[in-house]
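Beneath this line is the structure, given in structure tokens, with notes to follow.
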Amino acid sequence: MTNKRSIAWPAPAKLNLFLHINGRRNDGYHELQTLFQFIEQSDLLDFAINQTGELTLHSNISDVVANTDNLILRAAKSLQQKTATTLGAEIWLDKKLPMGGGIGGGSSDAATTLVALNHLWNTQLSLTQLTEIGLSLGADVPVFINGLSAFAEGVGEKLIAVDLPEPWYLVLTPDVHVSTAEVFNDPQLPRDTPKLSLADLMTSDWHNDCQQLVAKRHPQVAKALAWLIEYAPSRMTGTGACVFGTFATREQAEQVFAKKPADMSGFIAKGTNKSPLMLRLAQC
Ligand SMILES: C[C@@](CO)(OP(=O)(O)O)[C@H](O)COP(=O)(O)OP(=O)(O)OC[C@H]1O[C@@H](n2ccc(N)nc2=O)[C@H](O)[C@@H]1O
Ligand SMILES: Nc1ncnc2c1ncn2[C@@H]1O[C@H](COP(=O)(O)OP(=O)(O)O)[C@@H](O)[C@H]1O
């Protein structure tokens with residue numbers, strides 16, 4: 001029997017519009033304040049449910065499949081364990097987002113897997129229960145499950161939904177994989193930005209505490225930022241390597257994109273406060 005394939009579940013990217021590091025906890029994780037917004041640029045996942053309980057993954061990127069510890073299979077396994085379902089799934093990942101770029105592709109894939117399988121397996125976990133599983137997979141996973149642009153504190157799991165302008169972004173994707181753990185372990189990372197209230201943050205200057213360090217360690221990131229900042233307010237997202245410039249209209253972003261040097265890669269995407277994943281779930 002062939003099981004019906006449920007297609008095109010999006011796993012969107014996020015940008016950290018600011019990323020302030022306020023301190024380091026005893027367990028090594030960092031206290032931070034950050035503002036997440038989704039962009040309309042996504043990986044796509046398909047799922048076919050089976051009765052055997054088996055989990056398999058296919059992808060256009062062999063590295064993801066080769067990694068048996070990948071976040072998609074870990075998310076699916078965690079949901080099986082939590083719910084004791086006997087169902088399994090064959091999963092296809094169409095990877096479009098650059099990996100290790102600070103736009104959260106791996107975390108978003110995990111979130112989409114949890115949300116989609118919770119629906120397709122009819123395991124009926126609440127959003128809060130899914131978020132708990134998500135946090136055990138990565139600090140960034142909860143915001144993708146909640147699906148709303150949000151201000152985050154703690155290690156990234158205390159979320160307050162915020163309604164932000166939805167501009168167009170030109171995202172440059174330097175060809176370098178920045179390890180989140182390496183950045184957070186770097187002795188030169190500033191960790192002393194004072195915590196501010198959300199109201200104060202919304203009216204203060206935004207910055208990314210990882211940016212200077214990552215630009216110093218990775219000249220491609222410094223180069224991308226130096227180019228983009230000539231045209232628009234620009235910043236690095238997360239722990240890099242991607243950098244984004246903000247534009248009022250698509251046309252403005254396209255005009256600058258057309259001038260991009262041939263050795264720089266990137267894309268244009270609209271900011272959105274509602275994750276495309278939520279819209280996909282609503283269609284079911
Ligand atoms: C920095 C952020 C900002 O959105 O994004 P990315 O640049 O990775 O996309 C996130 O906080 C990343 O979240 P995520 O990528 O899920 O990180 P995790 O897998 O939980 O952690 C990877 C490693 O980063 C460090 N880490 C992560 C989060 C945090 N608040 N403090 C940390 O010190 C830890 O050393 C951990 O071992
Ligand atoms: N489904 C997945 N997609 C991408 N990366 C994954 C996935 N599962 C595990 N990973 C691991 O997570 C690392 C960082 O992933 P990614 O989310 O793309 O970067 P970032 O956290 O910088 O935004 C990858 O290099 C890879 O080792």
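Cβ atoms are placed via backbone N, Cα and C, with glycine included.
Caution: TrEMBL annotation is automatic and unverified by curators.
As written in TrEMBL, here are the features:
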type: ACT_SITE; residues: Lys14; note: active site
type: DOMAIN; residues: 70-147; note: domain 'GHMP kinase N-terminal'
type: BINDING; residues: Pro98, Met99, Gly100, Gly101, Gly102, Ile103, Gly104, Gly105, Gly106, Ser107, Ser108; note: ATP binding site
type: ACT_SITE; residues: Asp140; note: active site
type: DOMAIN; residues: 197-258; note: domain 'GHMP kinase C-terminal'
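Asp140 (active site) and Gly106 (ATP binding site) are 9 Å apart (CA-CA, integer value). The binding-site residues listed here (Pro98, Gly100, Gly104, Ser108) include Gly104, Ser108 as those with a Cα within 10 A of the Cα of Asp140 (active site). Filtering Gly100, Gly102, Gly104, Gly106, Ser108, Asp140 by Cβ distance to ligand 1 (under 6 A) retains the following recorded positions: Gly102, Gly104, Asp140. Listed in sequence order, the binding-site residues among Gly100, Gly102, Gly104, Gly106, Ser108 whose CB lies under 6 angstroms from an atom of ligand 2 come out as Gly100, Gly102, Gly104, Gly106.
Cβ neighbour count for Asp140 (active site): 28 (other Cβ atoms within 10 Å of its Cβ, all protein chains included). Of all the binding-site residues listed here (Gly100, Gly104), the one with the fewest other CB atoms within 10 A of its own CB is Gly100. Using a 10 Å Cβ-Cβ cutoff, Lys14 (active site) registers 26 neighbours. Those residues of the chain, other than Pro98, Met99, Gly100, Gly101, Gly102, Ile103, Gly104, Gly105, Gly106, Ser107, Ser108, with a C-beta within 8 angstroms of the mean position of the ATP site C-beta atoms are Ala13, Leu97, Gly238. Here the Cβ of Ser108 (ATP binding site) has 29 other Cβ atoms within 10 Å, regardless of which shown protein chain they belong to. The Cβ of Pro98 (ATP binding site) has 21 neighbouring Cβ atoms from other residues within 10 Å, across all protein chains displayed.
Look at Gly100 (ATP binding site): DSSP puts it in coil.
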